[in-house]
């Protein structure tokens, strides 16, 4: 097994399952911390701010990390907007999404405009309405650049699989007949952002996750090694059918030597 100088680790399905901790993952994080091995959590969750993610890990999973160890599509989208614009403070946006997305975007200095924005950003929104979809559709039809935070069609919770950000974005794609620019896993955009902010070398890092279609494809798209752990979404039978395989496959994070 390869030794890496840093790890980008998924959360739901890898560190915990909804509200249920994964004991082996807790032990793995402790080993990383004891050996001072750098790591960050690479999540597709845009509903929470990094502060809220840190609080959840601390209070519910007894994992203590810093805010700069949390990387989300919200932060990567904010970085994308800054790079895409000569002066972000002169640009406007309309957002379909929760506070975790809104706070990251508006911290850039971009202004809010629901009628004629430069950008429409769609993420998971628990309070979504037809009117929000209407505003997003009309703005994109008028020429706004269409950004989707992440393509996850479903989210697992204690009741089963519920609609994810990708399902909401798909509705707007259908209504506008335009494809969104996606930022989160499995896109390379979020991985490149993570490497940049952490100052890590691509060939010295591994992405750890439970979902072939998001975590592992993110590594494949980004030329980063991958470790698939079978504690969440993907099964060995499903992964065996894929043309491109993860760098490593393990049943539990207890198997991984740091």
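Backbone N, Cα and C define each Cβ position, glycine as well.
Because the structure is a prediction, the values reported are computed rather than measured.
Feature annotation from TrEMBL assigns active site, nucleophile to 10. Taking a C-beta cut-off of under 8 angstroms and a sequence separation of 6 or more, residue 10 (active site, nucleophile) has the following same-chain neighbours: 41, 42, 43, 185, 207, 208, 209, 210, 211, 214, 215.
The Mg(2+) binding site annotation in TrEMBL covers 10, 12, 210.
DSSP assigns residue 12 (Mg(2+) binding site) to a strand. Marked as active site, proton donor by TrEMBL: 12.
Summarising the annotation, TrEMBL assigns substrate binding site to 185. Summarising the environment of residue 185 (substrate binding site), the number of other Cβ atoms within 10 Å of its Cβ, over all protein chains shown, is 31. Secondary structure from DSSP puts residue 185 (substrate binding site) in coil.
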Per 10 Å Cβ neighbour count, which of the binding-site residues 12, 210 ranks highest? 210
Inside 8 A of the center formed by the CB atoms of 10, 12, 210, which other residues of the chain have their CB, for the recorded Mg(2+) site? 11, 13, 14, 15, 43, 209, 211, 215, 231, 232, 233
